[in-house]
Structures are given as C-alpha cells and as structure tokens.
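Taking it in order: structure first as structure tokens, then the write-up.
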Amino acid sequence: MIYISPKLVVALPVKELKDLNRIELLINDVDLVELRLDYLSKFDVDILDLFSKYKEKLIITLRDKDEGGVNYIDPAFKANFVRRMEREKFMYDIEARFALRYQVNVKDKIVSIHYFDNLPEFTEVKEIFDKFDEAYLRKIAVIAKRGYRELLMRVLDNYDNAVVMPMGVNGVERIAFSLLGSKLIYAHAGEETAKGQLHYKDVRRILNQLSTIMSSPST
C-alpha cells in the first residue's frame, strides 16, 4: 500500500451565528473547515461577510434535505447564494444534481453525490462524475451495503480527484479509504454531521503516527 496523506476537514454544524466563532479556534488544527450552513434555520447572503477573511481554509456547504441536509433551503435562494460564493471565490460543496439543474459553476469546486438507501452501480456514478471534469474534487458518500467497498475502490481507481466516504461504518474505514487515495477525510469537533466521523484530534493523531511510521527507514 502506498501511503497518501489526505487533507483533514473538520465539519462544523452552524446552528447559530455564534458558532462561527469556532472557525478561528479550528483553522490552525486542520487543513480545512467545512461550514454546514444548512443547520441554520434562516440566513441571508451577507453571512459570507462574517467569515470571508478565512475563505482560503473554508468549504461552504448548503446541503439539500434529500441529500442529508437539515433545514429546507429554497432552491432559488441557494442558486443565488452559490453564485455569490463563486464571485467572491469561496470554495463550496455542491450536489451534482443541483449543479446540473441550476447550471451553477463547478470549476475548482467540490461536486458531491449521496446514496442513503441504495448502492448504485459504478456505471451510474461514472455517468454523473464524467459531467464534472472541471471540478476540483468529485465526492461520493454511500450507505454501507454489500459491495460498497468494491464500489468506492473502483471510484478511486478511476478518478484521481475523488473523495469517497462510507456512511454508518467504523470511522477507521474512513481513514483507510483516505490512505488509499481519497483526497479528503472529514471529522467532527464535538458533533457528527455524518455517521462514522471520528473526532478530528483522533484522526490527526492517527495520520501523524502513520506518517512517522511510513517515513522511518526500513529495518
């Protein structure tokens, strides 16, 4: 196995504006902070001004409810919000289905698909992913049903910019997939935003230990 160092992302559920104060506490501990704005019951586009100074280390996510989001977000508002983020050069994570329907820009952004109930065939994943060659990363999260490991490994074998995540499994599996080529590993800072996330401090410690082992001279 070739050891590949993924970027560590801490997912931060933003339920109140005061939760944004945690950004400054986290950005020096991890590579990126994901702001899950769909946890807010209401906000407007000007919320971007509150954390624009951190944009180089942020991923902004407004997840649709049918793809794992918490609160309903009006699609027209979301499309406008995403275009504002594009203009202001924020990194964002957008669902493939939404990106196609509303023709939002995905160049150098993260495009994602989620399967909570069924495991897709690889051909279905490929058909979707191949529409987003300009994306920075192509991400897939799947329920841990029979065959999910084989599916996710095939995605990694076919896409150099893939992020793969099994849901509802031991968090160590997420680390394993990141070592096999998944570009990001998501963790939490006290509250999971997806089943199977480990605390970011545990992930960081494990990755550091593996890095030390792999960089040590063979005996």
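Here the Cβ of each residue, glycine as well, is placed from N, Cα and C on the backbone.
On a predicted model such as this, the values are computed, not experimentally measured, just so you know.
Taken straight from Swiss-Prot:
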type	residues	note
ACT_SITE	H114	active site, proton donor/acceptor
ACT_SITE	K139	active site, schiff-base intermediate with substrate
BINDING	E34, L35, R36, R63, R174, T193, Q197	3-dehydroquinate binding site
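Locations of recorded Swiss-Prot features on the structure.
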residue: E34; record: 3-dehydroquinate binding site; CB count, 10 Å: 24
residue: L35; record: 3-dehydroquinate binding site; CB count, 10 Å: 26
residue: R36; record: 3-dehydroquinate binding site; CB count, 10 Å: 23
residue: R63; record: 3-dehydroquinate binding site; CB count, 10 Å: 24
residue: H114; record: active site, proton donor/acceptor; CB count, 10 Å: 21
residue: K139; record: active site, schiff-base intermediate with substrate; CB count, 10 Å: 24
residue: R174; record: 3-dehydroquinate binding site; CB count, 10 Å: 25
residue: T193; record: 3-dehydroquinate binding site; CB count, 10 Å: 20
residue: Q197; record: 3-dehydroquinate binding site; CB count, 10 Å: 22
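Only K139, from the recorded positions E34, L35, R36, K139, T193, Q197, place their Cα within 10 Å of the Cα belonging to H114 (active site, proton donor/acceptor). Here the CA atom of K139 (active site, schiff-base intermediate with substrate) lies 13 Å from the CA atom of R174 (3-dehydroquinate binding site). According to DSSP, T193 (3-dehydroquinate binding site) is assigned to coil rather than to any helix or strand. A Cα-Cα distance of 16 Å separates Q197 (3-dehydroquinate binding site) from the residue listed as 'active site, schiff-base intermediate with substrate'.
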